[in-house]
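Undergrad: Before anything else, here's the structure in question.
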Amino acid sequence: WWWDERVSARFRRNLQPTLTYWSVFFSFGLCIAFLGPTLLDLRCQTQSSLSQITWVFFSQQFCLLLGSCLGGVFKRTLAQSLLALFASSLAISLVFAIIPLCHNVLVLAVVMAVAGLAMGCIDTISNMQLVKIYQKDSAIFLQALHFFVGFGALLSPLIADPFLSDTNCILANGTANASSNLPHIRKSLLPHHPGNLSHYDLPMKGLVVTRVSYAFWIMALINLPVPIAVFFLLYKERMVPCWNGSSHPLLSADELALETRPGDKDELSSAAQRPHTAAGHEDLFSCCQSQNFRGASFTYFAVHITGALVLFMTDGIVGEYSGFVYSYAVEEPLAVVHKVAGYLPSLFWGFITLGRLISIPVSYRMKPATMVFINVVGVLITFLLLLIFSSSVVFLFVGTASLGLFLSSTFPSMLAYTEDILQYKGCATTVLVTGAGIGEMVLQLLVGSIIHDRGSYSFLVCGMIFGCLAFTFYALLVFFHRMYPKPSPELDEASPDKAAVPEDTGQYQR
């Protein structure tokens with residue numbers, strides 16, 4: 001390994017749960033990106049209008065946000081967390097299998113709402129569990145976790161592409177004229193934003209000739225190993241309801257000796273006997289209960305709020321840029337050919353995935369705070385250059401790639417940084433995941449309405465403003481970090497290694 005022996009030992013000790021959480025996040029990525037390119041074929045399948053079918057986007061995004069808020073409800077014990085992940089990942093496979101059977105747009109919206117709830121639970125629980133397992137060393141594993149989102153988000157459109165209709169998939173009179181608009185409309189839907197499609201008129205009645213069902217059945221099969229992996233982890237830890245298989249503890253005595261000194265054995269034994277609960281990592285509603293605020297300082301709240309606002313802005317930029325960069329490119333003054341402009345969203349998501357891959361080794365050598373600083377400054381500079389060279393098609397592609405790289409590691413780095421400030425207490429993971437989800441939804445809607453009223457150039461102006469706000473909130477977070485009370489010297493001696501061992505041991509006890 002290119003990291004030190006202590007981190008390598010912790011990874012080997014927690015190999016199965018870590019790989020399981022990574023695979024579950026692949027399932028999340030697989031589900032988040034398929035809707036854009038397949039939506040026109042789903043419109044044909046449900047024989048609905050474009051304005052009706054785009055409500056499916058809203059149902060998925062809204063329930064994803066709701067699932068992120070409620071995810072902590074299932075996190076009070078490890079058994080509840082794994083059962084929730086098993087149910088969520090299995091639900092995604094079932095959603096893929098059921099979508100071809102949905103011939104009514106309302107039924108399809110309900111099915112996608114279920115998928116959104118499952119994705120939200122996966123988002124919150126997987127982030128929380130990795131933070132709890134690795135604590136001070138969590139940054140590198142969070143970077144890897146979010147790489148799998150990007151990998152899944154890249155894979156699902158590739159699976160769908162061979163089965164998409166080249167011409168309008170409802171054969172009726174006037175089909176030829178409507179079909180000429182189909183590539184442009186499809187690109188307007190990438191990666192998961194409906195855009196303004198009210199002026200397109202496509203037939204709603206006729207012979208349906210779509211083959212997109214095969215894509216969803218393939219994705220259902222590809223995703224099926226994920227709930228199986230979660231079930232194996234449940235079985236190994238003897239947490240399958242009404243089925244207690246025999247297994248050995250995850251933490252063997254030899255591995256424990258690598259990190260634990262003899263003087264710690266009594267403390268470790270008592271810690272392992274305590275029932276494991278998710279103290280400090282509750283759902284959003286539990287976080288807001290008054291008893292959690294007793295004795296908390298002003299900076300405690302300020303760290304939560306400013307951290308969430310940074311991700312509100314940066315994840316909002318990801319949503320609005322990926323949703324509208326195609327529409328911006330095909331309008332004046334750039335007037336990029338539709339087929340060429342269609343590569344921009346793919347380029348953006350491709351460099352987000354590449355950036356997350358690069359961030360895995362970088363995060364081991366660089367502090368999360370430094371990575372977030374580089375990210376927000378890079379976003380600002382990129383938008384500034386995009387504004388300066390707004391008439392250059394070449395720089396639009398360069399800027400899109402640059403923006404993807406700088407935004408790629410913001411979420412996991414910010415999560416690791418904020419949890420580190422709070423010494424893994426409080427509700428940082430839940431608040432940050434929720435803030436990021438709200439930002440992606442709200443800023444997409446805001447930018448869409450502004451572009452409609454003010455023109456395409458406002459797309460870059462909005463990005464610049466959001467980047468400035470992200471940098472401002474990050475500066476405030478650093479300020480409150482300096483004010484936040486430091487842990488006592490006794491805790492410093494025990495943290496992260498001594499304190500992390502009871503956490504690891506208790507992590508996988510019934």
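The backbone N, Cα and C atoms fix where each Cβ goes, and this holds for glycine too.
Copied straight from TrEMBL:
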- 21-40: transmembrane segment (TRANSMEM)
- 52-74: transmembrane segment (TRANSMEM)
- 81-99: transmembrane segment (TRANSMEM)
- 105-126: transmembrane segment (TRANSMEM)
- 138-159: transmembrane segment (TRANSMEM)
- 214-235: transmembrane segment (TRANSMEM)
- 298-318: transmembrane segment (TRANSMEM)
- 340-358: transmembrane segment (TRANSMEM)
- 370-389: transmembrane segment (TRANSMEM)
- 395-417: transmembrane segment (TRANSMEM)
- 429-451: transmembrane segment (TRANSMEM)
- 457-480: transmembrane segment (TRANSMEM)
- 488-510: region 'Disordered' (REGION)
Undergrad: How about long-range neighbours of the transmembrane segment (298-318): same chain, 6 or more residues beyond its ends, C-beta under 8 Å?
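TA: Those are 352, 372, 375-376, 379, 403, 407, 410-411, 414, 417-418, 421-422, 426-428, 431-432, 434-440, 442-444, 463, 466-467, 469-470, 473-474, 476-477, 480-481, 483-485, in sequence order.
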Undergrad: Determine which residues of the chain contact the transmembrane segment (81-99) at the Cβ level, with the cut-off under 8 Å and only residues 6 or more beyond its ends counted.
TA: 20-21, 24, 27-28, 30-31, 42, 71, 74-75, 108, 111-112, 114-115, 117-119, 121-122, 125-126, 128-129, 213, 216-217, 219-220, 223-224, 226-227, 230-231, 233-234, 237, 239, 241, 278
Undergrad: Would you say the transmembrane segment (429-451) and the transmembrane segment (52-74) are in contact under the rule of three or more C-beta pairs closer than 8 Å, pairs 6 or more apart in sequence?
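TA: When sequence-distant Cβ pairs are counted, the transmembrane segment (429-451) touches the transmembrane segment (52-74), since at least 3 lie under 8 Å.
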Undergrad: Short question: which residues 6 or more past the ends of the transmembrane segment (395-417) have a Cβ under 8 Å from it?
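TA: Distant Cβ neighbours of the transmembrane segment (395-417) are 127, 131, 138-139, 142-143, 145-146, 150, 307, 310-311, 314-315, 317-318, 321, 325, 329, 334, 336, 343-344, 347-356, 358-359, 362-363, 367-369, 371-372, 374-376, 378-379, 382-383, 385-386, 389, 428-429, 432, 436, 477.
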Undergrad: Please report, as numbers and ranges, the same-chain residues at least 6 past the borders of the transmembrane segment (138-159) whose CB is under 8 Å from any CB of it.
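TA: Contacts of the transmembrane segment (138-159) (Cβ under 8 Å, skipping residues fewer than 6 from its ends): 3, 7, 11, 18, 21-23, 25-34, 36-37, 126-127, 130-131, 190-191, 215, 218-219, 222, 346, 349-350, 352-353, 356-357, 359-364, 368, 371, 408-409, 411-413, 415-416, 419.
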Undergrad: Would the transmembrane segment (429-451) and the transmembrane segment (21-40) count as touching if the test is at least 3 Cβ pairs under 8 Å, pairs 6 or more apart?
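TA: Contact between the transmembrane segment (21-40) and the transmembrane segment (429-451): absent, because fewer than 3 Cβ pairs are under 8 Å.
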Undergrad: At a C-beta cut-off of under 8 Å, are there same-chain residues at least 6 beyond the transmembrane segment (457-480) that contact it? List them, or none.
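TA: Distant contacts of the transmembrane segment (457-480): 299, 302-303, 306-307, 309-310, 313-314, 316-317, 320-321, 324-325, 327-328, 369, 372-373, 376-377, 379-380, 383-384, 386-387, 390, 417-418, 443, 446-447, 450-451.
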Undergrad: When you scan the chain for residues with a C-beta under 8 Å from the transmembrane segment (214-235), skipping those not six or more beyond its ends, what do you find?
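TA: Here the qualifying positions are 16-17, 19-20, 23-24, 26-27, 30-31, 34, 38, 79, 82-83, 85-86, 89-90, 92-94, 96-97, 99-100, 155-156, 159-160, 162-164, 243, 245, 247.
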